[in-house]
């Protein structure tokens, strides 16, 4: 039977609950326990798929095609465990399910209420993750901050959860902030005390407190916090600001987080094997020469909009003994100032996914610059579509070529709507989503990088390469290096005469891990390293 851990947050938002949950997952796995982590998000959207990246950040896509919160990316990268649509729950999806049941008559004419119907549905979702994953421990992160009206049904549900399982089958972790007041030279505990008081008023007594701080928390302060909050001193876990999120698991291990949780859950504290993770963190803190990578995007004002892309670049640099010097470049600025003004001196260019017309011409200009200057280039999803548009306009003489998404009446729709999308009306959850196979062309650069005949990648798109232009594309010197098994869908393209010019319709960033960088990102960094002074004469072979 699974054990359950609930992670709540107090004092301020964005306190780091997701990293704490992911770190605990990593520590439990290092002791041989299997883990699944889910996120309860208190917004009324059914999922984040139609939300603006400026408001929500990246949409992370799971293997089974769920559009989820970016925290699921942290869960997967830290635990190296694939999550599913069951691991992402929103208030909107809960209410949708309950209302659908009411319409079907499932409640036999009863009055449908927040308690017990909404809270019962929330509890059922948590149990469903446990039964489907067969995990030893299910960790649940509750979004929002204790005290928010939106979070109350979730907090009530996890309070009720005690009645579903035994006392030693669940643990409550509360993540708080200890602010430092410079004029008094003190870390203040009162906000944490009030946050725990609020949690207790709901009926939840935390077992462990994780206290965020920018400086050391001494033993006296831990005793004070424990005394006022009803938590043993050893269960007050300091979490100091770290230079990397990947350093957090080891910090929390040293402070005894996993030991305390296992004690509450009455589980054996097996020996932990964190050696590989420690080596990764050591390499991060002792990197090699920097590679300058330009990320040309539409939403660069909010870095979280491209979180998995940035992490994939970091993983690749880690594997290549390089440090990442990332330059955020607004695609619209390229339209105003020109590509060379903003990209000169870069060792590589990445154009990630996105939607809509804004900034597309800037992305196309950046791709042309990378092609003509022979700078390593990687395009992702819309980035591949922009690479095809750039080819059509500048090499095939189709000056008005574009995507049917951007200009439905274009005379040269080199990118067009997937046939199965023709009759789709709703926006949410209706794209080509999740894992699909891709057959790699023998002898291609992709073949060298992947080393597999068929790979499985995650997708999120409605539009595709228009096969009416396939022959013209191939005659221009480009190569289709990856396609659907039936050959119908173009998944991966490359330019053989270029040092590294490749673009894919899928999202490889979602499969990159700290110890297992995605082959396309590693290939990009390998190629970028060849531009550095004193670079080796040959690109290192991909492991």
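The backbone N, Cα and C atoms fix where each Cβ goes, and this holds for glycine too.
Binding of ATP is annotated in Swiss-Prot for 14, 15, 16, 17, 18, 19; the matching candidate from 71, 80, 106 at the same site is 71. Largest Cα to Cα distance within the recorded L-glutamine binders 54, 354, 382, 383, 384, 385, 405, 462: about 23 Å as a whole number. Checked against residue 13 (UTP binding site), the recorded positions 149, 381, 382, 384, 462 differ in C-alpha distance, with 149 being the nearest. Taking the centroid of the Cβ atoms of 14, 15, 16, 17, 18, 19, 71 as the ATP site, the other same-chain residues with Cβ within 8 Å of it are 9, 20, 21, 141, 175. Sequence-distant neighbours of residue 188 (UTP binding site) (same chain, six or more apart, CB under 8 Å from its CB) are 178, 179, 180, 181, listed in sequence order.
Between the C-alpha atoms of residue 141 (Mg(2+) binding site) and residue 224 (UTP binding site), the distance comes to 26 Å.
When the alpha carbons of residue 18 (ATP binding site) and residue 382 (L-glutamine binding site) are compared, the span between them is 28 angstrom.
In this structure the alpha carbons, written CA, of residue 149 (CTP binding site) and residue 405 (L-glutamine binding site) are 39 Å apart.
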